[in-house]
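Step one of this worksheet: look at the structure below.
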Amino acid sequence: MVHHKVTIIGSGPAAHTAAIYLARAEIKPTLYEGMFANGVAAGGQLTTTTEIENFPGFPDGLTGSDLMERMKAQSVKFGTEVVTETVAKVDLSARPFKLWTEFNEDEEPTTTDAIILATGASAKRLGLPGEETYWQRGISACAVCDGAVPIFRNKPLAVVGGGDSACEEASFLTKYGSKVFMLVRKDHMRASTIMQRRVERNEKIEVLYNTAPVEAKGDGSLLDALRVRDTRTGEESDLPVNGLFYAIGHTPATQLVAGQVDLDESGYVKTVPGSTLTNVPGLFAAGDVQDSRYRQAVTSAGSGCMAALDAEKFLSELE
């Protein structure tokens, strides 16, 4: 039976930062990066980002794929074992924990003293016609990550959603766009009163109620319009915009541990405040799988560091 001291499940900034810290501490972690785990290539959601300008140390920016390749190279350099298999099942009922990879669920499990869960969260999409064509070519799920890139500057933009997050993203985008349309499917927002007032006072934001996007349009290279539908009359028209931002929530990749660890009402792993500890001793959660608020590459990396230090302390207390 194969046994690991620490197993990291994930392939984004949190996973590889945890691996770097553990490997440098000579703990020799094993990282399961997955084979299109949760529908995303190894490297996580960042691999779908064409340009990152807000990760410290890269004044000229770099692509999400480049950043993750560098992180992986660094974790491997210090001794991380990277396994390109997807963990399909875990048993957290007793230590050592047990895990099985995809297509090997009936085989003997691998055991591990500790697990760092860094499986991330995926942005909810609408599945519009044209969405795949213009994803990261005008369509994004993160205004803070992408709002400042050149294709959005001084251009009309749109935000889908009617909650606090949508209001926050619309307000943020007014720093860069010439105008921001909020597309709200119903005749009212569900955002808090204070956020609605903030939107109403911003001259660069126009709220389009009873409006739903039905198609992303462009020249095949960049988005330049949305086909929108009036949800009351069914009438459709084109809205000229160069950016579409989804603010309709994220889905944390917690199905692997559902029923075995405490999750919040949105499905994110609950951690002890100020740490990555969960209610299961030996299981640590890092990155977007436990962060419903910030969801940034740099905050994910920071929590990966925390998880490594928490895991190292846990292991030392076992000895």
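Cβ atoms are placed via backbone N, Cα and C, with glycine included.
Summarising the annotation, Swiss-Prot assigns FAD binding site to Ser11, Gly12, Pro13, Ala14, Val40, Ala41, Gln45, Asn54, Val87, Cys145, Asp288, Arg295, Gln296, Ala297. All protein chains considered, the CB of Pro13 (FAD binding site) has 31 other CB atoms within 10 Å.
Annotated disulfide bond per Swiss-Prot: Cys142-Cys145, in sequence order. In the three-state DSSP classification, Cys142 (disulfide bond) falls within coil.
Relative to Cys142 (disulfide bond), the binding-site residues with Cα atoms inside 10 Å are Gln296, the candidates having been Ser11, Val87, Asp288, Gln296. Neighbour density for Gln45 (FAD binding site): within 10 A of its CB lie 25 other CB atoms from the protein chains shown. Classification of Asp288 (FAD binding site) by DSSP places it within a helix. Neighbour density around each Cβ, counted as other Cβ atoms within 10 Å, peaks among the binding-site residues Ser11, Gln296 at Ser11. The closest partner of Cys145 (disulfide bond) among the binding-site residues, by CA position, is Gln45; the full candidate set was Pro13, Gln45, Val87.
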